[in-house]
Amino acid sequence: MNNLNHVDFSSSNAKPENSSMTTVNILGRLRIATEQIRYIQSSLAHDGLSDQVDMLDKVGKELDGILFNLGDIFSDDTRQSEINITSHDGQISTWLEQTFSSKPQRPPNRAAARFESIKAVIQASSFVNALQKQVRQNAKERLTTVLDLPVDICKLNLWSFNMMEYDEPMVLSTLLIFDAHDIISRYRIDIETLKNFGRALTDGYQKYRAPYHNDFHGADVLQTTHCLLIKSSLMNVFTQTEIAALLFAAAVHDYEHPGLNNGYLVKTKNDLAIIYNDFSVLENHHASSIFKLLRDKRHNIWSNMDKNEYRTFRSLVISLVLATDMANHASLVERMSTYFFFKETNSATALPDSKTLLQTLLHAADISNATKPWPIYVQAVEKIMEEFFIQGDLEKIYCEDDKPTFDRDSTDIVQLQMSFITHIVNPIFDVLSKVLQIDCLDHKQKESSSSATTTTTTTTTTKLPWQYDLQLNLETWKQVAKSGDVQKLIIDKKPLKLDLIYLQEYVEKAEKILKKRSQHDLLLACTLTSS
């Protein structure tokens, strides 16, 4: 019985943490309590106290039942989810909380669709590698040669691919990626019709000349979604219809984006807000407008799709585009985290349906800029911040009673990026890493894997393609905040232009810090292994 003294019950009286994933914290504490009950039960059994063992067995089963029921409740994708963020800048905290958590504004008659049965478990199978090779090599030369494209599909398979370096990114990405997934051949899509659709899509993305939400962003999200998909164990989970819907939704998800967010449109009583009753205004517009475009036979790339399949396809595309509303972020992270909590504890619980996995992939791709190499990421920072500042300028004119969400003269870009990575990007990619079985995409990571010692092979090879860049980008901003002159970051305020040469100094500092940290972790791992 002396072993019971080592059981730690101190967490039972702990106050709830101020965390963006409070639900998962609660589940974690329940899991700890369950494990402690089982530990005590085992100890009592060893000492021959059968009555107490039976009593604790009942308590343990009750806790297991509570965990199962919580999982069922939390799997409801219509639950209101919130994130609580602590930041030195109240303006940044408010924006993150209001933008990336759901508001009580959903129509009350919306059906509560719970997790449905999945078609296959999320696991690596014997033919995943074959499928990956097939997708990588499929149409490697066909379209590239025939259409004289500047790159082939192999380039688009790279996490470090920079879409902003190419003209007509939407035409380029739809041709290559749709062909790589056999979408063109399966649905008998005419190449000229697909090119016409790509150009019409480009026109829609460029309609309002938004600095960030334009055709480069749409093509980048499509390429990132493709990259996540082909490198994951999910190729054998999704149907061809689901893959086609996912890639199509990625391409069109911000069609005709005005460069203003939902909050602004609702606040200014914009026509779109009136049409869609303040609910996911932009997302409803994107979905509606793209299907209007498809009514024109010159752009209807799905004209040969079976009618029954098209109904399923259209429904799924709409749900995926609507799920890109950033207000759904907290709910998505919570639902996926809840599932993996139960998976880790080997509890019996329903698996997430394929639609939830598709939504998670698309949402992650939509906010993936901070997971890319610094040169790509910092270009995106300039563009998105300029778009924010344009909205702030308009708010000063049309919303005199309210302080601008982002003020060109006072917003702390460094703190904003740090908070965005910490509270928004990291959580979704953390839960995504539990879904995907990723191959190394980057040659640099392959080199680091081959140079590692055998004692740390497992740790190194499980590195995901975005992990290093996420750490580097966050550490760079931390170094700027710590010792840099924030004012030197900005060359021009309107339009925003950052001093990339000045920032590069801090990128190099961050690289050295991460290298030292990696060496320390390696030494610690070796020490633990030898002991």
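Cβ coordinates come from backbone N, Cα and C, glycine included.
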| request: Tell me which range among 1-20, 441-460 TrEMBL lists as region 'Disordered'. | output: 1-20
| field | Protein Cβ atoms within 10 Å of Asp254 (Zn(2+) 2 binding site), excluding its own | value | 25
| request: Would you count the other CB atoms within 10 A of the CB of His213 (active site, proton donor), including those on all shown protein chains? | output: 23
| task | Could you measure between His213 (active site, proton donor) and Asp254 (Zn(2+) 2 binding site) for me? Cα positions, answer in whole angstrom. | result | 7
